[in-house]
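Below is one structure, written out as structure tokens, with a few remarks after it.
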Ligand SMILES: Nc1ncnc2c1ncn2[C@@H]1O[C@H](COP(=O)(O)OP(=O)(O)OP(=O)(O)O)[C@@H](O)[C@H]1O
């Protein structure tokens with residue numbers, strides 16, 4: 001018997017989730033469900049909670065409050081506009097785009113002067129949709145250690161008013177309802193405005209996208225006219241005679257199509273009323289639509305690697321010669337071997353010789369992620385300027401305290417039943433279920449759907465049409481249960497995902513603990529709270545040690561069957577600033593030039609004094625909290 005097995009709870013009165021199925025309080029249900037000692041939640045004996053015929057199943061799900069499952073016509077079901085304020089004048093709703101790349105953006109006209117006029121319909125579509133994320137209200141004090149490493153002193157900003165933003169950017173930030181910068185934004189905004197290359201790492205859902213978009217776009221606003229390529233007039237545009245070659249100033253590359261569309265969405269909001277024109281290109285959707293958008297001019301290009309390289313090979317369609325900023329989002333994923341070739345093509349002018357090379361000395365390179373294993377960090381340095389700034393909020397790869405993490409023992413053979421019962425143990429809410437295989441995703445989705453639960457699924461074998469429709473249904477609420485493979489783990493930002501379930505925990509070979517962190521990070525974003533439930537059994541022993549460290553670090557309950565894995569002290573092999581032999585940064589970081597002066601208490605920003613006498617590289621750590629809420 002393995003040590004793990006010997007610590008499993010055994011026998012006794014085996015509870016079934018049926019006992020909780022009629023609970024009205026989610027918390028009460030969870031407490032009983034998982035037991036105060038993390039006891040095995042599911043019986044291996046048959047239970048009678050699962051209806052045997054479909055009408056009864058649908059009736060039971062409806063009685064619990066789940067919406068009726070609908071067959072595959074999601075787009076039609078969700079086409080409605082957001083609810084409006086009675087006092088607002090009627091505004092014609094912008095119809096849902098056929099593809100996310102076609103989504104409406106602010107169309108600039110040269111007659112506009114410095115700032116474009118308000119476009120009420122677009123404003124409503126960009127800033128007032130029900131499904132947009134709402135920041136949580138802080139119920140407890142949060143403090144993060146922020147480590148900054150680099151040759152320049154970064155003065156964090158605590159208020160967007162003091163950040164030196166372009167007035168239109170300031171206004172757009174207000175329209176986004178971003179009241180205060182998050183800790184990563186506090187440091188990245190000044191670092192990027194100062195012109196530094198940046199490698200940044202902060203927890204999931206902490207606003208990293210805006211941390212780079214706000215300063216980059218703000219820097220370009222006001223200069224766009226002089227920097228951008230020729231732009232046809234959108235109001236008289238003739239696709240036969242007026243089309244131009246896209247020459248973006250900003251390139252943002254990320255690993256998944258869904259994430260690309262999401263970053264594009266944020267760029268659409270932050271470019272509102274300016275001449276900066278964002279576009280997105282990603283695989284699976286027709287090239288025609290994306291090409292047509294590029295031909296109207298593009299300043300901000302968000303892309304997945306494959307489609308980008310494809311378009312880069314068409315020199316009359318896309319040129320990177322004007323690029324001023326290259327951002328790699330989910331950088332550790334993008335720096336994996338699979339992408340190496342693509343990434344070096346993207347870093348033209350840095351690593352490879354190309355006719356279209358961008359030789360601009362001012363070209364800035366930025367990398368962002370919530371996880372950043374040491375090997376990826378070392379690789380990242382090859383692409384950055386020598387004087388790049390590295391910013392990290394909390395430990396690289398850590399989760400944050402507002403995700404309640406539950407690990408429950410469920411044998412493989414019992415997983416479906418346990419899942420079904422779990423869906424009845426809590427109030428119906430938007431729930432994301434992760435499995436490790438595409439076929440499993442289909443099977444689990446079918447299983448739930450046939451039992452009257454409003455589920456849909458997404459994985460890489462699905463057509464892009466199906467992927468976009470599934471996400472739309474999930475966001476719109478017509479299918480509030482989404483079964484997904486890891487493809488959606490990274491970056492997805494959907495409001496009110498209150499529960500993430502790891503039906504399968506990620507294996508060590510498939511992302512391991514980093515993928516776990518990304519997956520559970522789909523809930524409890526930007527100051528909200530959420531629950532992550534993971535089914536665990538002997539097959540997950542390979543990530544058990546890291547899982548326990550994550551639980552202890554985030555002050556979560558460790559179940560009985562993992563108690564013997566608790567280390568005396570939680571340490572992480574690669575959590576060090578020593579990035580390799582002879583690293584100047586590492587040496588200086590280690591020589592104790594650290595200033596612990598914080599700005600959390602009373603929002604007191606104290607100047608960092610942690611620099612070496614000769615002003616060379618130094619690392620310093622402060623604490624930061626989301627000033628006055630998110
Ligand atoms: N200052 C802010 N105040 C309130 N909400 C914000 C702020 N900045 C960003 N947000 C919102 O927070 C949500 C999460 O942001 P984002 O997706 O950029 O997080 P992230 O750190 O990139 O997460 P992940 O690592 O999971 O990709 C988004 O809905 C965004 O609109």
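Quick reminder: no glycine exception, Cβ is built from N, Cα and C everywhere.
Feature list (source: TrEMBL):
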COMPBIAS  1-16  compositional bias 'Polar residues'
COMPBIAS  33-52  compositional bias 'Polar residues'
DOMAIN    158-186  domain 'DEAD-box RNA helicase Q'
DOMAIN    189-390  domain 'Helicase ATP-binding'
DOMAIN    418-566  domain 'Helicase C-terminal'
REGION    1-56  region 'Disordered'
REGION    570-590  region 'Disordered'
MOTIF     158-186  motif 'Q motif'
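For the motif 'Q motif' (158-186), the DSSP-based tally of helix, strand and coil residues reads 16 helix, 0 strand, 13 coil. On the 0 to 100 pLDDT scale, the model's mean across the domain 'Helicase ATP-binding' (189-390) is 88.
Across the domain 'Helicase C-terminal' (418-566), DSSP helix (H, G, I), strand (E, B) and coil residues number 68 helix, 26 strand, 55 coil.
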